[in-house]
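Q: So that we are looking at the same thing, I have put the structure below in structure tokens.
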């Protein structure tokens, strides 16, 4: 008898439809799982290191549950409900975050020097983005310049999950010091509290449009009565309306999803991500840098949509928040109510960088 549990480690080039076909799984179940996954879009990008586990009914061979293992601190379980549809449960473990200081000297490019010092490619790229308004790395950085990075690393059951957070950076050039420190508001500021990136726009369009569906993580499906989170804000607007990036950032996803339609994801600095769904036309490419207010798409009615509109999401530290009410950077310096805490944190991190303190408190 074939096994009732199938485990597949994601390999380069894998796709969901290919995996389902390979293991003779019901593609109808795949469509239901993709429908359940629309609020997360966790399945839209499968990476080597991810694992899919399928649990089948022993008699009917019907798929009852599928688990996506992302890393030791994050997995998503899709379960078949009594009505045959699927629901999802995202499991996030807080883990143990440990402080780590990485120091290095420029020998060649900053990016390669950072990798050689022990930073990940993602971390090196993030630092480059943080200072893009202050430093032209190909021209300003020279051999012998130094850098210091304080990061926290996540461990679950003493296993590194691959997740990290940059807490503070100093780049020490011959004639100038550049710094970036993470504030509790999720934005990075220099050691004097001045922002490294421009403030956000609250709305993703040049003019205001009617909100046709508000952010509601506890929304219940009108037919099934089950919780069906609405992780963004819907704006009713004509197809072809210009869609703007709400902040400076880098395009991390450009995709066409059966339910989300054509959509864009943009990462802004360290902790902010925005998503723009149901687009008619996409005007940017993955990896492209965009400015606040830059036109990135035209709104549409693609995917599962009841009419022309823009679905706009804001995620802070991996969690969806209400973009109309969230505490996002709207000023050019540390907010007054956070200043004392920020200054204390900067003092602690600078002490660690200067070697005067071995341990500091984690967030």
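Yeah, the Cβs are placed from backbone N, Cα and C, and that goes for glycine too.
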Q: When you get a sec, could you say which of 220-241, 242-263, 264-285 is annotated region 'Disordered' by TrEMBL?
A: 220-241
Q: Counting by DSSP secondary structure, give me helix, strand and coil numbers for the domain 'Csd3-like second N-terminal' (95-217).
A: 22 helix, 49 strand, 52 coil
Q: Tell me, roughly as an integer, the mean pLDDT over the domain 'Csd3-like second N-terminal' (95-217).
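A: Mean pLDDT for the domain 'Csd3-like second N-terminal' (95-217): 94.
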